[in-house]
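Residues or ranges marked as xanthine binding site in TrEMBL: LEU20, ASN27, LYS156. According to TrEMBL, the domain 'Phosphoribosyltransferase' annotation covers 34-157. Residues annotated as 5-phospho-alpha-D-ribose 1-diphosphate binding site in TrEMBL: ALA128, ASN129, GLY130, GLU131, ALA132.
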Amino acid sequence: MELLKEKILKEGRVLSDSVLKVDSFLNHQIDPLLMKEIGDEFANRYSDEVITKVLTIESSGIAPATMLGLTIGAPVVFARKRKSLTLADNLYSASVHSFTKNETNEISVSKDYLCEDDNVLIVDDFLANGEAVKGLLDIAEQAGAHVIGVGIVIEKGFQQGGQQLREQGIRIESLANIKSLTNGKVEFFD
Ligand code: 5GP
């Protein structure tokens with residue numbers, strides 16, 4: 001997606017050979033017009049499928065997932081990283097190791113919002129080692145839901161998550177796929 005790639009080149013900051021900071025439009029401040037384009041692009045790429053639910057993880061997956069939900073008219077469910085008093089039981093849970101924070105979180109979704117009748121599209125901001133997506137796949141499987149595929153805003157194709165998931169037969173659509181972040185420079189796969 002050219003608009004997204006231009007934005008990454010203009011505003012992204014390479015923090016190391018493996019971490020890209022995009023706080024100005026995705027991870028802290030949000031560019032709603034770009035998010036709307038992203039939601040429309042996911043909808044286009046999956047226009048051959050009927051999506052009944054968009055599943056993401058808090059917090060940075062929520063903006064792109066919501067824009068997709070708005071475009072296709074489907075509800076958006078986000079997995080929570082902390083158990084709250086109002087979300088105590090009746091849960092599907094999975095363990096997710098965070099690449100950027102180097103900590104493991106238990107993520108949960110209420111059984112009220114995901115069921116075996118659902119056709120789910122998983123959405124997230126980044127795909128690195130695939131831990132977040134694997135956790136969401138685990139939750140969808142516990143619910144008996146059918147997973148259509150995954151929509152990723154920024155894939156770091158030099159890390160292993162995308163390849164591993166595709167080898168398992170999972171459809172992944174990423175809107176920008178980064179080949180390298182070496183020497184402080186962002187390079188994309190074509
Ligand atoms: P994975 O679970 O695929 O290893 O990593 C994806 C998750 O880690 C995403 O939900 C995202 O929040 C975070 N993440 C991974 N790599 C990056 C990165 O380079 N930049 C930012 N901002 N977040 C990342």
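Every residue, even glycine, has its Cβ placed from backbone N, Cα and C.
When the Cα atoms are compared, LYS156 (xanthine binding site) and ALA132 (5-phospho-alpha-D-ribose 1-diphosphate binding site) turn out to be 14 Å apart. Secondary structure of the domain 'Phosphoribosyltransferase' (34-157) per DSSP, as helix, strand and coil residue counts: 39 helix, 44 strand, 41 coil. If you take the Cα of LEU20 (xanthine binding site) and the Cα of ALA128 (5-phospho-alpha-D-ribose 1-diphosphate binding site), they are about 11 angstrom apart, rounded to a whole number. A Cα-Cα distance of 18 Å separates GLY130 (5-phospho-alpha-D-ribose 1-diphosphate binding site) from ASN27 (xanthine binding site). Annotated xanthine site LEU20, ASN27, LYS156; additional same-chain residues within 8 Å of its Cβ mean position, judged by their own Cβ, are GLY12, VAL19, LYS21, VAL22, ASP125, PHE126, ALA128, ILE154, ILE178. Around the Cβ of ASN129 (5-phospho-alpha-D-ribose 1-diphosphate binding site), 17 further Cβ atoms fall within 10 Å across all displayed protein chains. Long-range C-beta contacts of ALA128 (5-phospho-alpha-D-ribose 1-diphosphate binding site), restricted to its own chain and to partners at least six residues apart, with a cutoff below 8 Å, comprise SER18, PHE99, LYS156, GLN159, GLY161. Rounded to a whole number, the distance between the Cα atoms of ASN27 (xanthine binding site) and ASN129 (5-phospho-alpha-D-ribose 1-diphosphate binding site) is 18 Å. Once Cβ contacts within 10 Å are tallied over all protein chains shown, the binding-site residues LEU20, ALA132 are led by ALA132. Across all of the domain 'Phosphoribosyltransferase' (34-157), the predicted model scores a mean pLDDT of 95. Taken residue by residue with DSSP, LEU20 (xanthine binding site) is part of a strand. The local packing around ASN27 (xanthine binding site), expressed as other Cβ atoms within 10 Å of its Cβ over all shown chains, amounts to 16. Note: the 5-phospho-alpha-D-ribose 1-diphosphate site is recorded as ALA128, ASN129, GLY130, GLU131, ALA132; in the same chain, VAL96, HIS97, PHE99, LEU127, VAL133, LYS134, GLN159, GLY161 also have Cβ atoms within 8 Å of that site's Cβ centroid. Counted over all residue pairs in LEU20, ASN27, LYS156, the record's binders of xanthine, the longest Cα to Cα distance measures 16 angstrom.
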